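Quick look at what TrEMBL lists:
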{"type": "SIGNAL", "residues": "1-15", "note": "signal peptide"}
{"type": "DOMAIN", "residues": "46-158", "note": "domain 'Ig-like'"}
{"type": "DOMAIN", "residues": "165-260", "note": "domain 'Link'"}
{"type": "DISULFID", "residues": "Cys211-Cys232", "note": "disulfide bond"}
{"type": "DOMAIN", "residues": "266-355", "note": "domain 'Link'"}
{"type": "DISULFID", "residues": "Cys310-Cys331", "note": "disulfide bond"}
Amino acid sequence: LLLLLEATLLQLVISSHHPFYNGFYYNHIMNDMGNGQDKVDYFNGARLVVETSKDPVYSYSGANVTLPCHYRYEPDLGDKRKIRIKWSKLRDDYTKEQDVMVAIGKTYVAFGDFKGRAHIHKTSQHEASLVISDVHLKDDGKYRCEVIDGLEDESDVVDLWLQGIVFPYQPPRGQYRLNFHEAEQVCQDQGAILANFNQLFQAWSEGLDWCNAGWLADGTVQYPIRVPRKPCGGVHLAPGIRSYGPRHRHLHRFDAFCFSSALRGEVFYLDHLDGMSLEEAKQSCQDAGAEIARVGHLYSAWKFLGLDRCNAGWLADGSVRYPIVKPRPNCGPAEPGVRSFGFPSKGRFGVFCYKER
């Protein structure tokens with residue numbers, strides 16, 4: 001009787017119907033290996049493959065950009081299938097930061113700051129590319145393209161890198177006066193955002209050397225050193241990014257590393273014969289149909305538009321600076337850069353204005 005019962009159960013297992021979803025047959029196998037896994041799912045049939053760009057996609061603030069994503073079946077199933085496409089923005093550790101959009105057929109919903117700026121670009125049957133219009137500074141980062149077909153869910157990741165510049169920032173109050181939230185705000189006030197590590201590393205590789213520690217977007221405090229020296233971690237440490245690690249976002253105070261992208265407008269210089277006060281400078285920009293430039297505007301114009309001016313001018317934060325592309329006598333150090341006179345309480349200077357195209 002026992003042998004007959006075992007034979008009957010075996011026959012039921014062999015002849016049992018496997019669940020069928022979207023062309024895939026799933027087998028459910030109980031795992032008795034004692035390793036905590038209750039079951040293993042696998043399928044027989046076509047395999048869903050999702051592919052994005054292996055190289056970063058470059059863009060800049062205010063532009064439109066397409067993040068490529070395509071999917072296919074191996075072997076090709078031929079007929080058109082109704083799949084769901086989901087795009088998410090990721091943190092550097094690949095955990096989800098926010099939903100970008102979800103699309104089924106021609107119907108899609110964008111979320112948060114991406115509303116009105118994101119849609120799916122479909123020039124072929126198996127395309128799931130994401131179009132982002134009017135790119136914002138904080139759009140820089142990793143994006144996951146996820147294609148869902150029934151129980152099948154495959155994804156790939158593409159990087160969006162904004163062309164930009166990192167600049168250190170100290171407020172008028174002086175060095176190490178900003179907690180994390182204040183650092184976020186001062187960067188925003190200067191037409192920028194807090195830089196992330198990748199942006200700081202890129203700036204270091206291009207020559208940024210700065211001995212004062214500053215906040216980054218992930219809440220860590222770091223600083224880039226090209227020439228090792230005693231006050232900057234010691235002469236025996238190799239060049240690189242020095243890190244204090246995560247700091248308390250309310251209690252600890254440092255400077256900030258801000259990131260600004262290429263401009264949608266232009267920066268130009270105005271002056272009067274006897275110079276201007278800060279308030280007069282602001283009014284002069286308004287009279288010219290512009291606004292007084294922010295620090296991020298000046299750095300971006302220097303890097304991307306080649307702005308070179310040996311005359312000091314007011315900026316919106318009350319600082320006085322000037323950009324030098326071609327170093328020359330009486331224009332500061334021998335290296336290109338944005339020179340600073342600090343935050344003078346008195347004095348009359350020209351002004352840098354910014355006007356969007």
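Backbone N, Cα and C define each Cβ position, glycine as well.
Most buried of the disulfide-bonded residues Cys211, Cys232, Cys310, Cys331, judged by other Cβ atoms within 10 Å, is Cys232. Per-residue pLDDT, averaged over the domain 'Link' (165-260), rounds to 96. With helix defined as DSSP H, G or I and strand as E or B, the domain 'Link' (165-260) counts 22 helix, 30 strand, 44 coil.
Comparing Cys310 (disulfide bond) with Cys232 (disulfide bond), their Cα atoms are 30 Å apart once rounded. A Cα-Cα distance of 23 Å separates Cys211 (disulfide bond) from Cys331 (disulfide bond). Counted with DSSP, the domain 'Ig-like' (46-158) comes out as 6 helix, 63 strand, 44 coil.
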